[in-house]
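Engineer: A single structure is presented below for examination.
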Amino acid sequence: MGPLGTFLFVLPSLGVHLPPSQPLQHQKCTRLRSRAPSQQQPPQQLSQQQQQQQQGRGLCIGVVGGSGFVGQHLLEALQAIKEGRREEGAGLRVGEVRAYVRSEEAAEKVRRFGAEACAMDEPLDGVDVVIHLAANVALTDEQGWSAFESPAVNLTRHLLEAAEKAGVQRFIYASSTLVFLDARSRWLAKRYRNISEGSPYPRRPLNFYAKSKQMAERMVLGASDSNMTRIVLRPPIVWGPNDTSLLRVWNMTVSSGRHTWAGQGRYLKSTCYVSNVVEGLLKACVNGRSGQAYHVTDGNPVEWREFFTAVMSAIGWDLDALPSSLYKDGKAPNLPRWRSALRLLRRGTQMEVIRHVLEGPFTVDDSVSRKELGYEGRVHVHEGVRRLREWALAGKAT
Ligand SMILES: *[C@@H]1O[C@H](CO)[C@@H](O)[C@H](O)[C@H]1NC(C)=O
Ligand SMILES: *[C@@H]1O[C@H](CO)[C@@H](O)[C@H](O)[C@H]1NC(C)=O
Ligand SMILES: *[C@@H]1O[C@H](CO)[C@@H](O)[C@H](O)[C@H]1NC(C)=O
Ligand SMILES: *[C@@H]1O[C@H](CO)[C@@H](O)[C@H](O)[C@H]1NC(C)=O
Ligand SMILES: *[C@@H]1O[C@H](CO)[C@@H](O)[C@H](O)[C@H]1NC(C)=O
């Protein structure tokens with residue numbers, strides 16, 4: 001169940017998390033427009049945005065977490081819209097893209113996509129829409145709570161305050177449907193089917209990642225006295241080219257011979273191809289109600305075994321030919337859930353326990369975002385797999 005920027009589960013040992021290296025200098029981001037906060041509040045925030053769009057200047061979008069997996073795809077799309085190479089249905093016009101980053105390394109990445117790099121503590125003056133994607137995406141808790149609290153809770157609090165102060169009209173937070181996973185799933189044999197936005201949070205979230213996302217969501221959605229339109233976007237498993245986290249974990253699991261099919265992989269999962277996540281974020285720049293979370297997916301859920309086999313095949317693995325695919329059709333031991341859970345408790349690492357919880361049906365209802373955001377999920381799973389294969393092949397060629 002991946003998150004955006006977020007959505008990717010990373011084993012800390014893979015070293016995917018970049019510690020802030022050289023802090024970004026403050027010389028950037030000098031083109032702050034002086035836009036005195038209007039004394040008279042327009043009747044509706046949306047209409048103010050529309051006015052600005054009609055006046056032709058387009059929106060100024062401030063992206064936080066733009067150097068990550070989803071972030072880079074988002075910046076690429078924003079740049080294309082800004083240059084008139086892409087239409088985004090909802091009538092989104094982009095005038096300026098600022099990416100708020102922590103390190104010179106991240107700044108370099110976002111500049112490749114035409115964004116203006118700003119230091120994280122730079123004010124948000126002049127920004128119309130904030131898209132907050134920053135997160136620690138580790139799946140295990142080994143880094144300790146503060147490693148998750150800092151980006152999800154403290155940074156979100158800071159951004160909400162800064163955005164309110166700067167008169168930002170819209171605040172979009174990228175979360176994950178992982179917030180719904182109960183740490184006790186493996187005991188309760190909980191089933192996750194067609195989860196809607198209004199489902200209650202579990203009392204015990206799966207891990208620190210899910211807990212931090214829950215807390216950030218509550219902050220974003222809870223500020224009811226705010227004049228800012230606040231939206232949470234929740235994709236399930238996020239996948240696609242350039243992913244260096246979830247895909248890397250899957251790749252490692254397979255290449256090290258540790259891949260097995262629990263329940264033979266015969267259960268349904270909802271997924272969200274990275275471009276579809278981006279589509280949801282872009283639609284939320286214009287559409288959507290304040291205080292609402294929206295689910296986005298690839299459409300119909302996929303059978304996990306079929307999906308995972310296709311994705312692995314795109315990056316060069318033939319799962320059926322691997323000796324490590326221990327549980328072939330019809331031969332799986334198919335332990336009752338409680339027995340496999342007991343087995344894990346005895347000798348499972350935390351990663352194994354989490355993997356066990358993630359294995360099993362998990363489907364999400366995205367009808368509300370289709371209706372209210374105008375979300376379509378334009379990239380079908382087959383097309384996503386094709387693009388993934390293209391990317392993997394191009395990588396091998398170089
Ligand atoms: C994906 O990675 C390739 C290099 O492998 C790079 O050229 C491209 O700009 C990246 N695209 C995105 C959206 O991250
Ligand atoms: C987050 O903010 C709280 C309250 O201000 C503070 O106690 C805590 O140390 C901060 N955590 C991190 C990781 O910065
Ligand atoms: C999922 O739930 C929605 C209502 O929340 C319902 O309209 C839809 O038919 C359900 N879909 C499935 C596949 O059960
Ligand atoms: C929201 O706008 C109203 C009317 O302009 C203003 O009185 C109020 O202080 C604003 N609230 C916040 C939290 O900025
Ligand atoms: C998967 O892992 C192999 C090494 O086992 C590596 O050569 C390959 O580039 C990886 N593929 C991706 C898409 O990360």
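Start at 1 and count along the chain as shown; that gives each residue its number.
Cβ from N, Cα, C; glycine included.
Predicted automatically and left uncurated, TrEMBL annotations should be read as such.
Got these off TrEMBL a minute ago, pasting:
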- 1-23: signal peptide (SIGNAL)
- 32-52: region 'Disordered' (REGION)
- 37-52: compositional bias 'Low complexity' (COMPBIAS)
- 62-211: domain 'Ketoreductase' (DOMAIN)
Engineer: Taking every residue in the domain 'Ketoreductase' (62-211), what is their average pLDDT?
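Structural biologist: Mean model confidence (pLDDT) across the domain 'Ketoreductase' (62-211) is 91.
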Engineer: What is the number of residues in the domain 'Ketoreductase' (62-211) that are helix, strand and coil, as DSSP sees it?
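Structural biologist: Residue counts for the domain 'Ketoreductase' (62-211) by secondary structure: 56 helix, 32 strand, 62 coil.
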